[in-house]
Amino acid sequence: MGLLSDVINNFLPETPLAWAALILASFTLYSVQLVVRRLYFHPLSKIPGPFLARSRYWYEFYQDIILGGIYVKNYAALHEKYGPVLRASPDRVHVSDPDFFHEVYSSGSKYMKDPAFFQAAGGIPEALPAIVDVEYHRRRRKLINDLFSAKSMEALSHLVLKVVQNALSKAHEHHEANKVLDIQRLYTGITIDTIMQVLCDRTLNFIDAKEEEEPPFLATLRTFSENFFLLKHFPILIWMALNIPKSIAQKLIPGEFEFRASINQWIRDRASEHELGVEKAEDGRKTVIDLLLRPEDGGRPLTHQAVEDETYSFAFAGTHTTSHTMSMGTYYLLSHPAKLQKLRDELKPIPKNDQGLYEYKTVRSLPYLNACIKESLRMSSPVPGILPRLVPAEGMTWRGHYLPPGTSVSSSIYSVHTDPNIFPNPEQFIPERWLANENLDHYLVVFGKGSRACIGLNVAWMETYLTFSNFFTSLNMTLFETNEQSTDWTDCGNAMIKKHVRVKVDSLAS
C-alpha cells in the first residue's frame with residue numbers, strides 16, 4: 001500500500017502550474033482522439049462535409065446561435081461543394097434532394113422522428129408534433145382528425161370570416177386615422193382568434209388589443225422563437241426554466257406562466273361544462289379540448305398534462321406560421337402591382353355575401369388566388385429548417401452513400417422550395433408557375449407530407465383564402481418601410497423576419 005502511495009505521489013504534479021499543464025494535456029488528448037474517431041472511425045466517416053461539421057458539434061452551434069439561425073440558408077453552397085448528401089454535424093446528415101424528402105416524410109415512411117430534436121427543444125412532450133412513436137401518434141391524431149376535415153372547414157368558415165371582418169374594421173380605423181398599420185400583427189390576430197375558436201370556442205380578442213401591448217401569448221411565442229436553438233443545443237435549459245423560482249422564470253420567459261395559466265383555465269372551464277352536459281360549442285361544433293377530454297371513440301381521456309401540451313402546441317403552430325405566410329404574401333403582392341391587379345380581376349366577378357365579403361366556398365377554387373397563396377407559401381417557407389428523422393433498422397443507401405440504422409437525417413423544406421431544377425428563378429415571385437405545371441403541387445412541402453403532415457393545414461388555407469380575397473379587394477395599400485432587407489429572415493424553428501411587414505392603407509377600394 002505504501003509503495004502504491006509513493007508511486008501516486010511521485011506521478012501527481014506538485015505545483016498548480018503542473019496541475020494546469022496536466023489538465024490541458026488531458027483535454028487536448030481527449031479532443032484529438034474524439035476528432036480522429038469522428039473523422040475516420042465513425043459510421044458516417046465516409047459522408048462528405050466540412051471538417052469542422054464532421055468533427056465538432058460546435059460548427060452547427062456556431063451556425064445556429066452565433067450567426068443566428070442561418071445554417072439552412074448555407075446548405076445550398078455546402079451541397080454544391082460536397083454533393084447532395086452532406087454530413088452537417090458529427091451525427092446528422094442533410095440531403096438536398098426533393099425525392100429524398102418524399103422518401104422520408106411521406107405516408108408509410110419507416111423513418112421515425114428523431115427524439116433528440118422533437119422531444120428536446122419544445123418542452124411539450126405530449127403534443128402531437130413531439131410524439132415519436134408512430135402508433136401512439138396515429139391514435140392521438142385520430143381523436144381530433146375530423147375537426148380539420150374539409151367538411152368541418154365549412155362549419156368553421158363563418159367564424160373565421162367574422163374574425164377577418166373584425167380585422168378589416170381595424171384596418172379601416174388606421175386609414176381614417178392616417179396611421180401606419182402593422183399588418184403582420186393584425187394577421188397574427190386573425191390566426192390567434194381563429195385557433196382559439198378551434199381549441200376551445202373562445203377568442204382572445206387579440207385584434208382589438210393595442211399595438212404597443214404584448215399579451216402573454218405573444219411574449220411566450222417571441223421568447224421561444226428567439227431561444228429555439230439555444231433550447232435545441234441545451235435542452236436542460238427547459239427543465240431549469242420550469243423548476244427555478246417563478247419570480248426568476250417570469251423574467252427569463254415572460255408571459256409563459258400567464259399563458260400556461262390561461263390554458264389550464266380553458267381546460268377546467270370545458271371540463272366543468274362537460275360535467276353539466278354541455279360538450280359542444282354554441283354552434284354545435286366540438287373543439288379540440290372537447291375531444292381530448294372525452295374521446296368520441298370511447299377511449300380513455302388524456303391526462304391533464306397531455307391536454308395542456310396539445311393546446312399549447314396548437315396555439316403556437318396555428319399562429320405564427322400562417323400569419324408569416326400572409327404577411328410575406330402581402331409584401332410580395334404589393335411589390336408586384338401587376339400580379340395584384342391580376343388577382344383583383346379574378347375576384348371581381350365573384351359574388352359577395354350580404355356584408356360585402358367573399359366567402360370561403362366561393363373563392364377556394366379560384367386558380368390565380370390559389371397560385372398566389374402557393375407561391376407565398378413556397379417563398380416564405382414558414383418552417384424552413386430541418387425536421388430530423390431516423391434511418392430505419394435496415395439502413396439505406398442514397399446517391400451512393402450508405403446511411404446506417406439510427407442515423408439522423410433531414411431534408412429541409414427551404415431546400416426543396418428553392419431547388420432551381422424544380423422552381424426556375426426560385427428567388428422570384430411567380431404565381432404563374434403554379435398554373436403552368438400541375439405537377440409542382442407535389443413539391444409544395446410546407447405542411448409536410450403523409451400522416452405527419454400539419455393537421456391544421458385546412459385551417460391555414462381557409463384563413464389565407466378569406467384574408468387575401470377580402471383584404472386585397474377592400475383596401476388599397478402600399479408598403480411602409482418594408483423591403484427586401486427588412487423581410488430577410490432567420491431560422492428560429494419558424495422563419496422570423498427582421499421587422500414586421502407594415503403598410504399604409506391609402507384608400508378603401510370601391
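Each Cβ is built from the backbone N, Cα and C atoms, and glycine gets one as well.
Its Cβ placed at the centre, Cys454 (heme binding site) has 19 other Cβ atoms within 10 Å. For Cys454, the entry in Swiss-Prot reads heme binding site, with the evidence type similarity to another entry.
The Cβ of Asn476 (N-linked glycosylation site) has Val505, Asp506, Ser507, Leu508, Ala509 as same-chain neighbours under 8 Å, each 6 or more residues away in sequence. Taken from Swiss-Prot, the feature N-linked glycosylation site applies to Asn476, supported by sequence analysis.
Within its own chain, the transmembrane segment (16-36) has Cβ neighbours under 8 Å at 55-56, counting only residues six or more beyond its boundaries. Annotation comment: Swiss-Prot describes 16-36 as transmembrane segment, evidence class sequence analysis.
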